[in-house]
Amino acid sequence: MVGAGILILPHAMSQLGWGPGVGVLVMSWIITLYTLWQMVEMHEMVPGKRFDRYHELGQHAFGEKLGLYIVIPLQLIVEVGVGIVYMVTGGSSLQRFHQLVCEHCKEIKLTYFIMIFASVQFVLSHLPNFDSISGVSLAAAVMSLSYSTIAWGASLKRGVKSDVQYGYKSKTTAGTVFNFFNSLGSIAFAYAGHNVVLEIQATMPSTPKKPSKGPMWKGVIAAYVAVAICYFPVALIGYWIFGNEVDENIFKSLEKPVWLIAMANLSVVVHLIGSYQIYTMPVFDMIEYLLVKILKFKPSWMLRSVSRNIYVAFTMFIGITLPFFGGLLGFFGGFAFASTTYFLPCIIWLAIYKPRKFSLSWFTNWVSAKSSIIIFLSFCFENKKPY
């Protein structure tokens, strides 16, 4: 649940300001926890059937064809977008690590560090399923707690400088508005677990007496406690210490102690190695389904190897071509993450359960759904910046 989006939260706060920033952070945490609960509950809403993929849930709510047309494009944008952003962030963190530990070495282009990060993914992508990457996922989880703690701890160690400013950095009203909406997309990017939660729940055993939603919900609660522990201190302390001068990646604003910041960047790399695999596994599943079931290729080790390597190479190439970390976060966060995280679970819930009009369930779902429309607008504004 704790993703690379945490690195940009202080910068997002600087574009929102104290009041709106804290409000958006808290409301996002509450709304996404609620929609995640909905997805866990809907996983086995039909006796004897499990909706193990996001699009299967969409098909049950909207129909066989319409469900596919609504869910698959959005989910692919999210999962491929995460892969691209994680390629860029992993390479950037490796580059920063190299700069810190080898200050007098010749500077190496970001392109080569992205390729180094991708080389690990070429190997790990041959692991067959979620269960096989549990060790990698555990390492990623530990690293996320580590680097987030270092981020706010090192910021506190630095302290607040006398010239820090908390006002909006843009000098024009239009620029301030555009930055505001872009930051909403960045925060939406930070809450991305909904796009793979059904696939993860599908790996858990389930019986009529002991359905998987019980232990799954306990896991969600634990994950969201970790999200709160990581996200809020980094966002609030990072903004408090650096003000509106904080970098898009908070570790670029931190310089001392050098060894600690270097270790934090290395922790980010390890975390992203595991996170990339989590969001890539469903894409591999879709690719292999298309090749075997639709295009009638014979399933084999060679087919899996070639298709997965091509996909990793694709995300690497796009990451090298478009290494704009903050811009990518705003784009994917505003366009797709808001829909699959805030909007779709509520609409699916309304379509299936049909709660009574103006009841608590009806009201809660419509408020959450409409809030995602506002975040979706951040995508539109992000792509019309006047500078």
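Backbone N, Cα and C define each Cβ position, glycine as well.
What you are looking at is a predicted structure, and each value in this text was computed from that prediction instead of being measured.
Copied from TrEMBL, the annotated features are:
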- 1-378: domain 'Amino acid transporter transmembrane' (DOMAIN)
- 16-37: transmembrane segment (TRANSMEM)
- 66-89: transmembrane segment (TRANSMEM)
- 110-127: transmembrane segment (TRANSMEM)
- 133-154: transmembrane segment (TRANSMEM)
- 219-242: transmembrane segment (TRANSMEM)
- 258-279: transmembrane segment (TRANSMEM)
- 306-325: transmembrane segment (TRANSMEM)
- 331-353: transmembrane segment (TRANSMEM)
- 360-379: transmembrane segment (TRANSMEM)
Tertiary contacts of the transmembrane segment (66-89), as residues 6+ beyond its ends and Cβ separation under 8 Å: 3-4, 7, 54-60, 114, 117-118, 189, 192, 195-196, 249, 268, 272, 275-276, 279-280, 282-283, 286, 315-316, 318-320, 322-325, 328-329, 331-332, 335-337, 339-340, 344
Stretch with greatest number of CB pairs under 8 Å, the transmembrane segment (219-242) reference, 16-37, 110-127, 306-325 candidates: 16-37
